[in-house]
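As given in TrEMBL:
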TRANSMEM  21-42  transmembrane segment
TRANSMEM  62-86  transmembrane segment
TRANSMEM  107-131  transmembrane segment
TRANSMEM  201-231  transmembrane segment
TRANSMEM  252-274  transmembrane segment
TRANSMEM  344-363  transmembrane segment
Amino acid sequence: VLAAVALHDLGCLVLHCPHQAFYAALLFCLSPANVFLAAGYSEALFAFLTFSAMGQLERGRVWTSGLLFALATGVRSNGLVSVGFLMHSQCRGFFSSLTVLNPLRQLLKLMASLFLSVLTLGLPFALFQYYAYTQFCLPGLAHPIPEPLVQLAVDKGYRIAEGNEPPWCSWDLPLIYSYIQDVYWNVGFLKYYELRQVPNFLLAAPVAILVAWATWTYVTIHPWLCLTLGLQRSKNNKTLEKPNPGFLSPQVFVYLIHGAVLLLFGSLCMHVQVLTRFLGSSTPIVYWFPAHLLQDQEPLLRSLETVPWKPPAGDSPPGQKVPRNSIMGLLYNWKTCSPVTRYILGYFLSYWLLGLLLHCNFLPWT
(Lines of atoms letter the chains of each structure in order from A and count residues from 1; the text may use other names and numbers.)
(Lines give C-alpha, C1' and ligand atoms only; values in the text may rest on other atoms or scores of the structure.)
Protein backbone atom coordinates (compact mmCIF):
# COMPACT_ATOMS: atom_id res chain seq x y z
CA VAL A 1 0.00 0.00 0.00
CA LEU A 2 2.80 2.41 0.91
CA ALA A 3 4.63 1.57 -2.32
CA ALA A 4 1.49 2.38 -4.33
CA VAL A 5 1.15 5.72 -2.54
CA ALA A 6 4.85 6.48 -3.14
CA LEU A 7 4.48 5.62 -6.84
CA HIS A 8 1.47 7.90 -7.16
CA ASP A 9 3.37 10.73 -5.48
CA LEU A 10 6.36 10.17 -7.77
CA GLY A 11 4.11 10.12 -10.83
CA CYS A 12 2.56 13.45 -9.91
CA LEU A 13 6.04 14.98 -9.55
CA VAL A 14 7.54 13.58 -12.75
CA LEU A 15 4.62 13.22 -15.16
CA HIS A 16 2.77 16.43 -14.19
CA CYS A 17 -0.38 14.57 -15.20
CA PRO A 18 -2.58 13.57 -12.24
CA HIS A 19 -4.72 11.17 -14.28
CA GLN A 20 -1.74 9.29 -15.68
CA ALA A 21 -0.09 9.11 -12.24
CA PHE A 22 -3.33 7.71 -10.80
CA TYR A 23 -3.69 5.10 -13.57
CA ALA A 24 -0.11 3.98 -12.96
CA ALA A 25 -0.79 3.56 -9.23
CA LEU A 26 -3.90 1.51 -10.01
CA LEU A 27 -1.90 -0.69 -12.38
CA PHE A 28 0.68 -1.16 -9.62
CA CYS A 29 -2.14 -2.52 -7.44
CA LEU A 30 -2.76 -5.06 -10.23
CA SER A 31 0.94 -5.66 -10.81
CA PRO A 32 1.95 -8.82 -12.72
CA ALA A 33 4.39 -9.34 -9.82
CA ASN A 34 1.50 -9.12 -7.37
CA VAL A 35 2.15 -12.31 -5.40
CA PHE A 36 5.69 -11.20 -4.55
CA LEU A 37 4.47 -7.75 -3.53
CA ALA A 38 1.73 -9.16 -1.29
CA ALA A 39 3.62 -12.08 0.29
CA GLY A 40 6.55 -11.98 2.70
CA TYR A 41 9.16 -11.06 0.11
CA SER A 42 11.48 -8.06 -0.03
CA GLU A 43 9.99 -6.63 -3.24
CA ALA A 44 7.26 -4.50 -1.61
CA LEU A 45 9.64 -2.87 0.87
CA PHE A 46 12.19 -2.32 -1.88
CA ALA A 47 9.57 -0.69 -4.13
CA PHE A 48 8.42 1.60 -1.32
CA LEU A 49 11.97 2.72 -0.46
CA THR A 50 13.00 3.12 -4.11
CA PHE A 51 9.93 5.09 -5.21
CA SER A 52 10.16 7.25 -2.06
CA ALA A 53 13.85 7.96 -2.73
CA MET A 54 13.04 8.96 -6.31
CA GLY A 55 10.32 11.29 -5.05
CA GLN A 56 12.65 12.93 -2.55
CA LEU A 57 15.25 13.46 -5.27
CA GLU A 58 12.62 15.12 -7.48
CA ARG A 59 11.96 17.51 -4.59
CA GLY A 60 15.67 18.35 -4.40
CA ARG A 61 16.24 16.57 -1.08
CA VAL A 62 19.44 14.82 -2.12
CA TRP A 63 20.57 13.62 1.30
CA THR A 64 17.17 12.16 2.20
CA SER A 65 17.03 10.52 -1.20
CA GLY A 66 20.51 9.05 -0.76
CA LEU A 67 19.57 7.62 2.63
CA LEU A 68 16.43 5.98 1.23
CA PHE A 69 18.35 4.60 -1.75
CA ALA A 70 20.92 3.15 0.68
CA LEU A 71 18.16 1.50 2.71
CA ALA A 72 16.72 0.08 -0.51
CA THR A 73 20.15 -1.36 -1.37
CA GLY A 74 20.16 -2.99 2.06
CA VAL A 75 16.88 -4.69 1.13
CA ARG A 76 17.83 -5.83 -2.38
CA SER A 77 21.23 -5.68 -4.05
CA ASN A 78 19.88 -4.38 -7.37
CA GLY A 79 19.39 -1.08 -5.54
CA LEU A 80 23.05 -0.44 -6.38
CA VAL A 81 21.93 0.59 -9.87
CA SER A 82 19.97 3.47 -8.34
CA VAL A 83 23.23 5.35 -7.81
CA GLY A 84 22.69 6.48 -11.41
CA PHE A 85 19.84 8.75 -10.25
CA LEU A 86 22.08 10.60 -7.82
CA MET A 87 24.94 10.80 -10.31
CA HIS A 88 22.69 12.09 -13.10
CA SER A 89 21.15 14.71 -10.79
CA GLN A 90 24.61 15.91 -9.73
CA CYS A 91 25.92 16.01 -13.31
CA ARG A 92 22.87 17.97 -14.42
CA GLY A 93 23.48 20.50 -11.65
CA PHE A 94 27.15 20.71 -12.66
CA PHE A 95 26.40 21.51 -16.30
CA SER A 96 23.72 24.05 -15.42
CA SER A 97 26.12 26.00 -13.18
CA LEU A 98 29.21 25.56 -15.35
CA THR A 99 28.95 28.95 -17.05
CA VAL A 100 28.13 30.83 -13.85
CA LEU A 101 30.53 29.56 -11.18
CA ASN A 102 34.19 28.54 -11.01
CA PRO A 103 34.49 25.44 -13.26
CA LEU A 104 37.36 23.85 -11.30
CA ARG A 105 35.61 24.26 -7.98
CA GLN A 106 32.40 22.85 -9.40
CA LEU A 107 34.27 19.89 -10.89
CA LEU A 108 35.88 19.07 -7.54
CA LYS A 109 32.50 19.39 -5.86
CA LEU A 110 31.00 17.07 -8.47
CA MET A 111 33.72 14.43 -7.97
CA ALA A 112 33.25 14.55 -4.20
CA SER A 113 29.46 14.22 -4.57
CA LEU A 114 29.79 11.25 -6.93
CA PHE A 115 32.19 9.53 -4.54
CA LEU A 116 29.84 10.05 -1.59
CA SER A 117 26.90 8.74 -3.62
CA VAL A 118 28.71 5.54 -4.56
CA LEU A 119 29.96 5.11 -0.99
CA THR A 120 26.52 5.66 0.56
CA LEU A 121 24.65 3.27 -1.72
CA GLY A 122 27.40 0.66 -1.70
CA LEU A 123 27.82 0.62 2.09
CA PRO A 124 24.93 -1.77 2.94
CA PHE A 125 26.11 -4.25 0.29
CA ALA A 126 29.71 -3.99 1.53
CA LEU A 127 28.67 -4.48 5.17
CA PHE A 128 26.78 -7.64 4.28
CA GLN A 129 29.79 -9.02 2.39
CA TYR A 130 31.99 -8.21 5.38
CA TYR A 131 29.59 -9.95 7.74
CA ALA A 132 29.64 -13.07 5.54
CA TYR A 133 33.45 -12.92 5.45
CA THR A 134 33.64 -12.87 9.25
CA GLN A 135 31.27 -15.85 9.46
CA PHE A 136 32.87 -18.10 6.86
CA CYS A 137 36.47 -16.97 6.51
CA LEU A 138 37.65 -15.89 9.98
CA PRO A 139 38.08 -18.78 12.47
CA GLY A 140 36.26 -18.63 15.78
CA LEU A 141 33.76 -15.88 14.85
CA ALA A 142 30.93 -18.01 13.48
CA HIS A 143 27.85 -18.44 15.64
CA PRO A 144 26.86 -22.01 16.60
CA ILE A 145 24.32 -23.52 14.22
CA PRO A 146 21.35 -25.54 15.57
CA GLU A 147 21.54 -29.23 14.74
CA PRO A 148 18.40 -29.28 12.51
CA LEU A 149 19.90 -26.55 10.32
CA VAL A 150 23.20 -28.40 10.12
CA GLN A 151 21.37 -31.53 8.99
CA LEU A 152 19.43 -29.49 6.42
CA ALA A 153 22.71 -28.09 5.08
CA VAL A 154 24.12 -31.61 4.78
CA ASP A 155 21.00 -32.85 2.96
CA LYS A 156 21.04 -29.90 0.54
CA GLY A 157 24.79 -29.91 -0.01
CA TYR A 158 25.25 -26.45 1.49
CA ARG A 159 28.45 -25.27 3.12
CA ILE A 160 28.15 -24.39 6.80
CA ALA A 161 30.06 -21.60 8.52
CA GLU A 162 31.99 -23.96 10.83
CA GLY A 163 33.22 -26.15 7.99
CA ASN A 164 36.28 -25.81 5.76
CA GLU A 165 37.10 -22.39 4.35
CA PRO A 166 35.19 -21.83 1.07
CA PRO A 167 37.18 -20.91 -2.05
CA TRP A 168 35.76 -17.38 -2.30
CA CYS A 169 37.57 -16.42 0.93
CA SER A 170 40.87 -16.43 -0.96
CA TRP A 171 39.64 -14.25 -3.83
CA ASP A 172 41.23 -10.83 -4.32
CA LEU A 173 37.73 -9.40 -3.76
CA PRO A 174 35.97 -11.95 -1.52
CA LEU A 175 32.28 -11.62 -2.40
CA ILE A 176 29.97 -14.34 -1.11
CA TYR A 177 27.24 -12.83 -3.30
CA SER A 178 29.02 -13.74 -6.55
CA TYR A 179 29.94 -17.19 -5.24
CA ILE A 180 26.37 -18.13 -4.27
CA GLN A 181 24.96 -16.75 -7.51
CA ASP A 182 27.40 -18.83 -9.54
CA VAL A 183 27.65 -22.10 -7.59
CA TYR A 184 24.16 -22.57 -6.13
CA TRP A 185 21.96 -20.68 -8.60
CA ASN A 186 23.99 -21.00 -11.81
CA VAL A 187 23.61 -17.27 -12.46
CA GLY A 188 26.02 -15.67 -14.91
CA PHE A 189 26.39 -14.04 -18.29
CA LEU A 190 24.26 -15.97 -20.85
CA LYS A 191 24.24 -19.07 -18.61
CA TYR A 192 20.46 -19.25 -18.81
CA TYR A 193 20.36 -19.37 -22.59
CA GLU A 194 19.40 -23.03 -23.01
CA LEU A 195 16.71 -24.64 -25.12
CA ARG A 196 14.94 -26.05 -22.07
CA GLN A 197 14.51 -22.52 -20.67
CA VAL A 198 12.34 -21.35 -23.59
CA PRO A 199 9.13 -21.51 -21.47
CA ASN A 200 10.73 -19.24 -18.88
CA PHE A 201 11.73 -16.77 -21.59
CA LEU A 202 8.12 -16.78 -22.81
CA LEU A 203 6.95 -16.16 -19.25
CA ALA A 204 9.11 -13.04 -19.03
CA ALA A 205 8.41 -11.88 -22.59
CA PRO A 206 5.46 -9.52 -21.82
CA VAL A 207 7.32 -7.32 -19.33
CA ALA A 208 10.44 -7.35 -21.52
CA ILE A 209 8.39 -6.26 -24.54
CA LEU A 210 6.70 -3.56 -22.44
CA VAL A 211 9.97 -1.96 -21.30
CA ALA A 212 11.58 -2.33 -24.74
CA TRP A 213 8.51 -0.75 -26.38
CA ALA A 214 8.60 2.11 -23.86
CA THR A 215 12.31 2.68 -24.59
CA TRP A 216 11.81 2.70 -28.37
CA THR A 217 8.82 5.06 -28.12
CA TYR A 218 10.70 7.52 -25.94
CA VAL A 219 13.93 7.44 -27.96
CA THR A 220 12.13 8.08 -31.25
CA ILE A 221 10.30 11.07 -29.73
CA HIS A 222 13.36 12.57 -27.99
CA PRO A 223 16.48 11.52 -29.95
CA TRP A 224 18.48 14.64 -29.04
CA LEU A 225 17.61 14.33 -25.36
CA CYS A 226 18.82 10.72 -25.37
CA LEU A 227 22.02 11.51 -27.28
CA THR A 228 22.95 14.17 -24.73
CA LEU A 229 21.95 11.88 -21.80
CA GLY A 230 19.38 14.41 -20.69
CA LEU A 231 22.09 16.86 -19.66
CA GLN A 232 21.64 19.35 -22.50
CA ARG A 233 18.44 20.38 -24.21
CA SER A 234 18.17 21.57 -27.77
CA LYS A 235 17.23 25.23 -27.99
CA ASN A 236 15.49 24.64 -31.30
CA ASN A 237 13.24 21.92 -29.92
CA LYS A 238 10.06 23.62 -28.76
CA THR A 239 8.73 20.39 -27.28
CA LEU A 240 11.57 20.41 -24.80
CA GLU A 241 11.12 24.07 -23.92
CA LYS A 242 7.46 23.42 -23.18
CA PRO A 243 7.33 19.66 -22.63
CA ASN A 244 4.08 17.77 -22.83
CA PRO A 245 2.99 16.28 -19.53
CA GLY A 246 2.97 12.52 -19.10
CA PHE A 247 5.30 9.70 -20.03
CA LEU A 248 6.93 11.63 -22.88
CA SER A 249 8.13 14.38 -20.55
CA PRO A 250 11.94 14.97 -20.55
CA GLN A 251 11.92 14.29 -16.80
CA VAL A 252 11.17 10.63 -17.53
CA PHE A 253 14.53 10.13 -19.33
CA VAL A 254 16.58 8.99 -16.34
CA TYR A 255 13.83 6.58 -15.24
CA LEU A 256 13.69 5.11 -18.72
CA ILE A 257 17.46 4.53 -18.78
CA HIS A 258 17.22 2.91 -15.36
CA GLY A 259 14.50 0.55 -16.58
CA ALA A 260 16.37 -0.27 -19.81
CA VAL A 261 19.59 -1.06 -17.89
CA LEU A 262 17.71 -3.37 -15.53
CA LEU A 263 16.07 -5.11 -18.50
CA LEU A 264 19.41 -5.59 -20.27
CA PHE A 265 21.15 -6.89 -17.15
CA GLY A 266 18.25 -9.17 -16.21
CA SER A 267 17.98 -10.61 -19.72
CA LEU A 268 21.69 -11.43 -19.99
CA CYS A 269 22.81 -12.27 -16.46
CA MET A 270 19.82 -13.58 -14.47
CA HIS A 271 17.22 -16.32 -14.44
CA VAL A 272 15.07 -14.62 -17.03
CA GLN A 273 11.67 -15.58 -15.59
CA VAL A 274 12.28 -13.33 -12.56
CA LEU A 275 12.22 -10.27 -14.83
CA THR A 276 8.55 -9.73 -14.01
CA ARG A 277 9.09 -9.16 -10.29
CA PHE A 278 12.58 -7.74 -10.82
CA LEU A 279 11.27 -4.91 -13.00
CA GLY A 280 7.84 -4.68 -11.38
CA SER A 281 9.36 -3.75 -8.03
CA SER A 282 12.20 -1.56 -9.30
CA THR A 283 11.12 0.78 -12.07
CA PRO A 284 8.00 2.94 -12.48
CA ILE A 285 8.29 2.59 -16.27
CA VAL A 286 6.42 -0.73 -16.04
CA TYR A 287 3.38 1.26 -14.87
CA TRP A 288 3.89 4.70 -16.43
CA PHE A 289 4.08 3.46 -20.01
CA PRO A 290 0.89 1.32 -19.87
CA ALA A 291 -0.87 4.26 -18.19
CA HIS A 292 0.31 6.45 -21.07
CA LEU A 293 -1.00 3.94 -23.62
CA LEU A 294 -4.36 3.70 -21.87
CA GLN A 295 -4.77 7.47 -21.73
CA ASP A 296 -3.56 7.96 -25.29
CA GLN A 297 -5.40 5.16 -27.09
CA GLU A 298 -8.55 4.46 -25.07
CA PRO A 299 -11.41 6.86 -25.98
CA LEU A 300 -13.58 5.51 -23.18
CA LEU A 301 -10.97 6.46 -20.60
CA ARG A 302 -10.88 10.06 -21.84
CA SER A 303 -14.64 10.25 -21.42
CA LEU A 304 -14.35 8.80 -17.92
CA GLU A 305 -11.92 11.59 -17.01
CA THR A 306 -14.49 14.27 -17.68
CA VAL A 307 -17.84 12.54 -17.05
CA PRO A 308 -18.51 10.46 -13.90
CA TRP A 309 -18.96 6.90 -15.12
CA LYS A 310 -22.19 5.03 -14.38
CA PRO A 311 -22.94 1.37 -15.10
CA PRO A 312 -25.88 0.46 -17.34
CA ALA A 313 -29.29 0.81 -15.75
CA GLY A 314 -30.26 -2.18 -13.65
CA ASP A 315 -26.68 -3.35 -13.04
CA SER A 316 -26.41 -1.57 -9.71
CA PRO A 317 -28.89 -2.25 -6.88
CA PRO A 318 -30.61 0.78 -5.33
CA GLY A 319 -28.44 2.56 -2.79
CA GLN A 320 -25.20 0.93 -3.96
CA LYS A 321 -22.33 3.32 -4.63
CA VAL A 322 -21.13 3.57 -8.20
CA PRO A 323 -17.37 2.78 -8.44
CA ARG A 324 -15.24 5.76 -9.43
CA ASN A 325 -12.22 3.59 -10.27
CA SER A 326 -11.40 4.21 -13.93
CA ILE A 327 -9.83 0.78 -14.39
CA MET A 328 -13.03 -0.80 -13.10
CA GLY A 329 -14.92 1.32 -15.60
CA LEU A 330 -12.82 -0.16 -18.40
CA LEU A 331 -13.43 -3.69 -17.14
CA TYR A 332 -17.19 -3.11 -17.04
CA ASN A 333 -16.98 -1.98 -20.68
CA TRP A 334 -14.48 -4.63 -21.77
CA LYS A 335 -16.18 -5.37 -25.09
CA THR A 336 -15.99 -1.76 -26.26
CA CYS A 337 -12.38 -1.19 -25.17
CA SER A 338 -9.59 -0.79 -27.72
CA PRO A 339 -7.25 -3.75 -28.43
CA VAL A 340 -4.36 -2.02 -26.61
CA THR A 341 -6.49 -1.67 -23.48
CA ARG A 342 -7.48 -5.33 -23.64
CA TYR A 343 -3.86 -6.44 -24.03
CA ILE A 344 -2.65 -4.32 -21.11
CA LEU A 345 -5.41 -5.18 -18.67
CA GLY A 346 -5.44 -8.80 -19.84
CA TYR A 347 -1.72 -9.11 -19.12
CA PHE A 348 -1.87 -7.41 -15.74
CA LEU A 349 -4.95 -9.30 -14.53
CA SER A 350 -3.94 -12.73 -15.86
CA TYR A 351 -0.47 -12.57 -14.30
CA TRP A 352 -1.98 -11.14 -11.10
CA LEU A 353 -4.29 -14.17 -10.81
CA LEU A 354 -1.92 -16.84 -12.13
CA GLY A 355 0.78 -15.69 -9.74
CA LEU A 356 -1.54 -16.21 -6.78
CA LEU A 357 -2.71 -19.62 -7.94
CA LEU A 358 0.62 -21.08 -9.06
CA HIS A 359 3.17 -19.63 -6.63
CA CYS A 360 1.03 -20.26 -3.55
CA ASN A 361 0.76 -23.93 -4.59
CA PHE A 362 4.54 -24.30 -5.10
CA LEU A 363 4.19 -24.46 -8.87
CA PRO A 364 6.67 -22.74 -11.25
CA TRP A 365 6.21 -18.99 -11.52
CA THR A 366 8.31 -15.88 -11.89
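Note that Cβ sites are derived from N, Cα and C of the backbone, with glycine treated the same way.
Caution: TrEMBL annotation is automatic and unverified by curators.
In this chain, the transmembrane segment (201-231) lies apart from the transmembrane segment (62-86): fewer than three C-beta pairs between them fall below 8 angstroms, excluding pairs fewer than 6 positions apart.
Proximity of distant same-chain residues to the transmembrane segment (62-86), defined by a Cβ-Cβ separation under 8 Å and at least 6 residues beyond the stretch ends, is recorded for 42-43, 45-46, 49-50, 52-54, 56, 113, 116-118, 120-125, 128, 177, 254, 257-258, 261-262, 265, 278, 281-282.
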